[in-house]
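Chemist: Below is one structure. I have some questions about it.
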Amino acid sequence: MSRVSQARNLGKYFLLIDNMLVVLGFFVVFPLISIRFVDQMGWAAVMVGIALGLRQFIQQGLGIFGGAIADRFGAKPMIVTGMLMRAAGFATMGIAHEPWLLWFSCFLSGLGGTLFDPPRSALVVKLIRPEQRGRFFSLLMMQDSAGAVIGALLGSWLLQYDFRLVCAMGAILFIVCAIFNAWLLPAWKLSTVRTPVREGMRRVISDKRFVTYVLTLAGYYMLAVQVMLMLPIMVNDVAGSPAAVKWMYAIEACLSLTLLYPIARWSEKRFRLEHRLMAGLLIMSLSMIPIGLAGNLQQLFTLICAFYIGSVIAEPARETLSASLTDARARGSYMGFSRLGLAIGGAIGYIGGGWLFDMGKTLAQPELPWMMLGIIGFITFLALGWQFSHKRTPRQYTGARRLI
């Protein structure tokens, strides 16, 4: 086996271990934020939505800067620094008793993500061969689902005792992950050339096709982020107990572990990437509309199942399609900018979703936020259809990236 092949094989295992630590650290804390501050402390959902939206916007909106700096200086220092910063954000969140302190903790967490997320995604592009990336993304997403359930279960158990224990566990996991990267991650360069920060950013911004695609995905992310805000609140309201939230993530894990990889393998040679993305988005949009009318857990979990199935279809295609549009000379910059749709959609989804949820309760119309999200999904579906009908995209891809 050549040294390059050996490095790629070892790199796969490194990426999988690193990803599991990050997923566990994230899902121990974030799914429980809305339960802690809305249900237990009685805050308005919009206040928590602002915090979650701020984290999302900082991490994803500034991702192009983190990616461009990583193109210049390499992945390792950015990843280690970012993970330690997220640990500090979680530690601060544990003592948050005022909205401004929660917002500050989410700001720190998001800034840490800005530093470590783009170079981690660029490492996938560097280490995984183009023909293998679609399947590797499916493995990562299956791992995400399993990690989400384990993290949510652990966080829910710790929440029975003290929310500070939840945040401490999340911080410890990110510190362990920082040590893991500092110890084992080689000083790899991300791009084929050591691209200056400004040059990498210029390459991305001048790529109109990539920019249009990324911005269009904002509508997709408005739906996707509700897994962290409105869906847990809805499950808690219907069930009358925050313990039911873990079953929501268990459903996601079961569907992902059983369907994600087989669907990706079966569809990659039969359907174009854009058709898979649009089909998944359509299912997600249709499942959103009736959620506000669900009167029991059986109805609610059925709709959540449909939503997750749509996500299982769409996510690998979205990742792979994003990868096909990258430039190898500025991988970090592309990976960073590709997060802008998530930054915009996530911020609007969290803040707007929280506001609509509160408004729906005030007006005694709980279906209001879900109807609006369904409409946004349909608009995004049409926008993607128009874009893809004018610009052909490849069935496979050449180049890649990833909500945490």
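Numbers here mean position along the shown chain, with the first residue as 1.
Heads up, the Cβ atoms here are built off N, Cα and C, so glycines get one too.
Since this is a predicted model, take the numbers as computed values, not measurements.
Pulled the feature table from Swiss-Prot, pasting it below:
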type: TOPO_DOM; residues: 1-12; note: topological domain 'Cytoplasmic'
type: TRANSMEM; residues: 13-33; note: transmembrane segment
type: TOPO_DOM; residues: 34-98; note: topological domain 'Periplasmic'
type: TRANSMEM; residues: 99-116; note: transmembrane segment
type: TOPO_DOM; residues: 117-138; note: topological domain 'Cytoplasmic'
type: TRANSMEM; residues: 139-159; note: transmembrane segment
type: TOPO_DOM; residues: 160-164; note: topological domain 'Periplasmic'
type: TRANSMEM; residues: 165-185; note: transmembrane segment
type: TOPO_DOM; residues: 186-213; note: topological domain 'Cytoplasmic'
type: TRANSMEM; residues: 214-234; note: transmembrane segment
type: TOPO_DOM; residues: 235-243; note: topological domain 'Periplasmic'
type: TRANSMEM; residues: 244-264; note: transmembrane segment
type: TOPO_DOM; residues: 265-276; note: topological domain 'Cytoplasmic'
type: TRANSMEM; residues: 277-297; note: transmembrane segment
type: TRANSMEM; residues: 300-320; note: transmembrane segment
type: TOPO_DOM; residues: 321-339; note: topological domain 'Cytoplasmic'
type: TRANSMEM; residues: 340-360; note: transmembrane segment
type: TOPO_DOM; residues: 361-367; note: topological domain 'Periplasmic'
type: TRANSMEM; residues: 368-388; note: transmembrane segment
type: TOPO_DOM; residues: 389-404; note: topological domain 'Cytoplasmic'
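Describe the structural context of each listed feature in the structure shown, including burial, neighbouring residues and relevant distances.
Modeler: Per-residue confidence over the topological domain 'Cytoplasmic' (1-12) averages out at a pLDDT of 64.
Listed as Cβ neighbours of the topological domain 'Periplasmic' (160-164) (distance under 8 Å, sequence separation of 6 or more from its ends, same chain) are residues 32, 36, 40, 94-95.
Away from its own ends, the topological domain 'Periplasmic' (235-243) comes close to residues 32, 35, 39, 156, 159, 294-297, 300, 304 of its chain (Cβ-Cβ under 8 Å, at least six residues beyond either end).
Sequence-remote contacts of a segment are chain residues at least 6 beyond its ends whose Cβ falls under 8 Å from one of its Cβ atoms, and for the transmembrane segment (277-297) they are 220, 223-224, 226, 231, 234-235, 238-239, 244, 271, 303-304, 306-307, 309-315, 317-318, 321, 360, 365-371, 373-374, 376-378, 380-381, 384-385, 388.
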Chemist: Same chain only, please: residues at least 6 beyond the ends of the transmembrane segment (340-360) with a C-beta under 8 Å from a C-beta of the stretch. Say none if there are none.
Modeler: 44-50, 52-54, 56-64, 214-226, 228-230, 233, 292, 366-369, 372-373, 403
Chemist: What else in the chain is close to the transmembrane segment (300-320), if you only count residues 6 or more beyond its ends and a Cβ gap under 8 Å?
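Modeler: For the transmembrane segment (300-320), the sequence-distant neighbours (Cβ-Cβ under 8 Å, at least 6 residues beyond its ends) are 133-134, 137-138, 141, 217, 220, 224, 231, 234-235, 238, 247-248, 251-252, 255-256, 259-260, 263-264, 267, 273-274, 276-277, 279-288, 290-291, 294, 396-397, 400-402.
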Chemist: Kindly report the helix/strand/coil residue split of the topological domain 'Periplasmic' (235-243) according to DSSP, in that order.
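Modeler: Its residues divide into 7 helix, 0 strand, 2 coil.
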Chemist: Taking DSSP states H, G and I as helix and E and B as strand, how many residues of the topological domain 'Periplasmic' (34-98) are helix, strand and coil?
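Modeler: Split into helix, strand and coil, the topological domain 'Periplasmic' (34-98) gives 54 helix, 0 strand, 11 coil.
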